[in-house]
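Heads up, the thing below is written out as structure tokens.
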Amino acid sequence: MLYRLARTGFFQLDAEKAHDLAIKNFQRFNGTPLDLFYRQQLPNRPVECMGLTFRNPVGLAAGLDKNGECIEAFDAMGFGFVEVGTVTPRPQPGNDKPRLFRLVEAEGIINRMGFNNLGVDHLVENVKKAKYNCVLGINIGKNKDTPIENGAEDYLICMEKVYEYAGYIAVNISSPNTPGLRSLQYGEALDELLSELKAKQAELAEKHGKYVPLALKIAPDLSDDEISQICESLIKNNIDGVIATNTTLDRTVVEGMKHAHEAGGLSGRPVQSRSTEVVRKLHQELGDKLPIIGVGGVDSYVAAKEKMMAGAQLVQVYTGFIYHGPGLVRDIVKNL
């Protein structure tokens, strides 16, 4: 009820202004009596995945807390894991505004943010100060002005800086809002990137005395053959997990709706079915060789269960959280 009232107010604002205000309020309320608006005690539903123990299988997807400013607040909401980022080596402003749009009747969002963030060093400082009990994932990407042929270097820089502080590292090569980025999902480019990341992981594991798993985040806009090739690369390079999926460029199910024509990636309920199909295809290809984190339209217990039945061990929410609030996390965890 409280969130429904808050949402009514937030939805009167421009989508990005509402997002920024929510982040500021989470920072302001954290550790004060006002955090009772979102703090919740949830039952333990432990899951072993990628060598880590998650207190429950429901996580916050990357993109909501790009700079790691609200880890403690999201931890207080009961998430089993929180993924911050996407973060890049250098700060960058992202794409021109407006760049975030609600498709309310479809419970969807279109964004063309463009990896706006304050840089990896800023994020690391925030992570070092935060106190939390959930697993922390850090999602890494490349700067817009880094040529795609040099993209691996950006991922390696970020990986080196976040390794010591991450529970796992998510490698984002599937955002549609950085020109050329999705080309890293294919063929030799993917193999070379994963090989370099794996070598860096071994080097950092020895240096820090701990193994931090790597998960690759992929797009929903892939053919079955492309998914099969990605799976071959994941297995060949001993990657620890795969996150499926990012946002879609497809507008078929929202055609004619307000804002549906806007450029960018579409998330929420409109991508639910396709992302679940990608999870199912990944599971058919991978079996138990590596775990799948399912994300895309997880807006209810039923949607979460469908992802798990398709083969996901963990699920993440983002757009569903915008529309339904912390109660969504509670409903999924309690019904598992």
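Placed from the backbone N, Cα and C atoms, the Cβ positions cover glycine too.
Listed in sequence order, Thr86, Phe115, Gly141, Leu181, Arg182, Asn246, Thr247, Gly265 are the same-chain residues six or more apart from Ser175 (active site, nucleophile) with CB atoms under 8 A from its CB. Taken from Swiss-Prot, the feature active site, nucleophile applies to Ser175, supported by sequence analysis.
When secondary structure is read from DSSP and collapsed to three states, Lys217 (FMN binding site) falls in the strand class. Residues or ranges marked as FMN binding site by Swiss-Prot on the basis of sequence analysis: Ala62, Gly63, Leu64, Asp65, Lys66, Thr86, Asn139, Asn172, Lys217, Thr245, Gly268, Gly297, Tyr318, Thr319.
Annotated substrate binding site per Swiss-Prot: Lys66, Asn111, Arg112, Met113, Gly114, Phe115, Asn172, Asn177, Asn246, Thr247, in sequence order, evidence recorded as sequence analysis. Counting only same-chain residues six or more apart in sequence, the Cβ atoms lying under 8 angstroms from the Cβ of Asn172 (substrate binding site) belong to Ala62, Gly85, Thr86, Asn139, Ile140, Gly141, Leu181, Lys217, Asn246.
Using the Cβ center of Lys66, Asn111, Arg112, Met113, Gly114, Phe115, Asn172, Asn177, Asn246, Thr247 for substrate, the list of other same-chain residues with Cβ within 8 Å runs, in sequence order, Gly63, Thr86, Gly94, Ser175, Pro176, Thr178, Gly264, Gly265. For the substrate site listed in the record, the two most distant Cα atoms among Lys66, Asn111, Arg112, Met113, Gly114, Phe115, Asn172, Asn177, Asn246, Thr247 lie 16 Å apart. A straight line from the CA of Leu64 (FMN binding site) to the CA of Gly114 (substrate binding site) spans 13 Å.
For the binding-site residues Lys66, Arg112, Lys217, the greatest number of Cβ atoms within 10 Å around a candidate Cβ is found at Lys217.
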